[in-house]
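S.K.: One structure, pasted below without further comment.
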Amino acid sequence: MKLCVSAFSLLLLVAAFCDSVLSAPIGSDPPTSCCFSYTSRKIHRNFVMDYYETSSLCSQPAVVFLTKKGRQICADPSEPWVNEYVNDLELN
């Protein structure tokens, strides 16, 4: 009897875990990073190594610049200098 109760408990635990994993639609990963504010200053172009755009699931769009020191800096994609840096990084 104890074995049946233990097995049933384990089955319920596994079912609860699988339900939460399978309940999300396929491909609906939560965004890995979102920006809630932008840098107030222009970054020196020499410090910027790469960039990425935040997910469309974020509350506001942003371009995240990756610096030589490994920092991630959020920038406003409507700023002219941000577009200039993105274009420059795409060409190189």
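Placement of Cβ uses the backbone N, Cα and C atoms for every residue, glycine included.
Pulled the feature table from Swiss-Prot, pasting it below:
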type     : residues    : note
DISULFID : Cys34-Cys58 : disulfide bond
DISULFID : Cys35-Cys74 : disulfide bond
SIGNAL   : 1-23        : signal peptide
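Could you place these features in context, so I can see how deep they sit and what lies close by?
M.R.: Under DSSP, Cys34 (disulfide bond) is assigned to coil, being neither helix nor strand in the three-state scheme.
Shown in sequence order, Thr54, Cys58, Gln60, Ala62, Val64, Cys74 are the residues of the chain, 6+ apart in sequence, with a C-beta less than 8 angstroms from the C-beta of Cys35 (disulfide bond).
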